[in-house]
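Have a look at the structure below, then the notes.
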Amino acid sequence: MSNPFLKQVFNKDKTFRPKRKFEPGTQRFELHKRAQASLNAGLDLKLAVQLPPGEELHDWVAVHVVDFFNRVNLIYGTISDGCTERSCPIMSGGPKYEYRWQDEHRFRKPTALSAPQYMDLLMDWIEVQINNEDVFPTNVGTPFPKNFLQVVKKILSRLFRVFVHVYIHHFDRIAQLGSEAHVNTCYKHFYYFVREFGLIDTKELEPLIN
């Protein structure tokens with residue numbers, strides 16, 4: 001394994017690793033395989049994200065949310081040693097954008113946090129959502145909740161902020177690892193997907209619009 005990016009990704013000491021997989025034999029596992037096959041075949045990303053004929057939108061979205069969580073988790077894990085309380089005392093995307101954390105428990109009001117604190121809370125929060133059977137049911141035939149897409153929008157908006165922080169504050173590390181192409185592809189896949197299904201407010205995308 002000569003690629004330094006892959007070495008970082010598969011470093012067992014890293015905190016950030018994929019947290020959720022699909023069970024073989026399930027409909028979503030098959031959808032996941034189909035999505036991966038499209039990417040591996042080099043299909044245009046704009047086409048690869050489109051809902052396959054005959055498939056349910058919520059299933060397709062659920063598969064991608066879990067996949068994006070895993071990928072973004074790994075990307076942040078590769079630069080997390082350089083994202084510290086000292087280097088990143090505020091979770092931001094350059095001087096114009098500051099991201100404050102809010103949840104239903106400890107931080108009921110938007111709270112300024114360091115980037116590593118924000119990332120820890122974010123990854124834990126998303127992990128809880130995607131492992132909650134009431135939100136992301138794993139049994140085929142179990143309906144998704146009525147607010148599923150609303151929850152998804154919040155997850156994806158917050159995951160996008162990880163891309164913003166990594167690109168603006170840690171791209172030198174990404175370049176040092178020689179993983180620009182990998183990260184760029186992950187970002188484009190994410191971007192085309194959220195735009196295809198209207199899962200993120202245009203305003204959220206502004207920090208990375210040239």
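Numbers run from 1 along the shown chain.
The backbone N, Cα and C atoms fix where each Cβ goes, and this holds for glycine too.
Note that the structure is predicted; figures quoted are calculated from it, not measured.
TrEMBL has this to say about the protein:
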- Cys83, Cys88, His165, His170: Zn(2+) binding site (BINDING)
Relative to the Cβ of Cys88 (Zn(2+) binding site), which residues of the same chain, six or more apart in sequence, are found under 8 Å away?
Ser114, Ala115, Pro116, His165, His169
Provide the number of Cβ atoms within 10 Å of the Cβ of His170 (Zn(2+) binding site), excluding the reference atom itself.
21
Other residues with Cβ within 8 Å of the Cβ centroid of Cys83, Cys88, His165, His170 at the Zn(2+) site?
Ile79, Gly82, Ser87, Ala115, Pro116, Val166, His169
Under 8 Å between C-beta atoms and at least six apart in sequence, can you list the same-chain neighbours of Cys83 (Zn(2+) binding site), or say none if there are none?
Tyr76, Ala115, Pro116, Met119, His165, His169, His170
With every protein chain in view, what's the tally of Cβ atoms within 10 Å of the Cβ of His165 (Zn(2+) binding site), excluding that atom itself?
24
